[in-house]
């Protein structure tokens with residue numbers, strides 16, 4: 001059946017029907033900064049929506065490549081964005097369930113001959129109809145170890161990425177330099193990953209905002225002086241090894257809460273007000289080892 005060139009579809013109506021803006025608004029609300037990442041997600045959502053409308057009018061085109069690569073440091077929102085991406089894919093009908101399964105090498109690779117295939121296939125079975133997020137994916141490939149079984153897991157993933165791409169989306173994640181090397185060593189994998197999104201590190205000011213949000217969610221607050229101390233802490237921590245962006249800020253806040261509790265406990269019989277219980281004072285942060293160096 002031919003369709004007239006005058007046949008119309010309503011882009012805005014379909015966009016609203018699928019409630020894509022709702023997911024994008026959640027992304028804006030849940031993640032501070034990351035403007036380049038949010039822009040890429042919106043671009044992908046637009047492509048998927050237009051492709052869906054083309055299909056409604058019988059226009060021929062291959063399904064857009066949906067497998068993705070998220071690169072960046074720990075704590076930059078990769079898992080959160082993967083969750084939102086799974087939701088978008090579900091709302092637009094590209095996956096059946098829209099759930100996210102997060103795994104690492106240990107979930108896929110066995111320790112002896114014959115162990116890897118069943119492990120990998122079991123994970124894939126759970127992920128079908130949704131999105132499989134493989135964190136630190138480069139650990140799957142260990143070229144220096146001939147007895148490593150990671151290559152077997154990669155081969156199974158390759159087959160599924162090609163043969164069942166209409167029922168599963170795979171997102172590979174990790175540090176950018178290591179992921180680049182991983183793709184160079186596995187060209188078959190690289191050719192099947194169409195969307196590469198780089199997650200920048202947060203600025204100190206963005207991390208301060210994130211820290212304040214984390215505290216507000218737990219009904220704590222910072223004084224003006226405490227805000228300045230936390231900002232100083234973040235700037236110092238960023239220069240230290242194993243800095244993990246929002247995760248490092250969360251750890252700092254957890255320790256500050258513990259110091260606050262001990263400070264009040266050690267004060268003896270003092271009657272505490274609600275303000276005492278919710279306020280993180282500068283001293284609760286200044287006792288960090290970073291300020292003693």
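Glycine residues also receive a Cβ, built from the backbone N, Cα and C atoms like all the rest.
Taken straight from Swiss-Prot:
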- 72, 73, 74, 75, 76, 77, 78, 79: ATP binding site (BINDING)
Residues flanking the ATP site, with Cβ no more than 8 Å from the Cβ centroid of 72, 73, 74, 75, 76, 77, 78, 79 and excluding those residues themselves: 70, 199, 244, 245, 246
Binding-site residues compared (74, 77) - highest count of Cβ atoms within 10 Å: 77
Residue among the binding-site residues 73, 76, 79 whose Cβ has the most other Cβ atoms within 10 Å: 76
Under 8 Å by Cβ from residue 78 (ATP binding site), same chain, sequence gap 6 or more: 70, 72, 135, 173, 199
List of residues, in chain order, with Cβ under 8 A from that of residue 75 (ATP binding site) and at least 6 apart: 244, 245, 246, 247, 248, 249
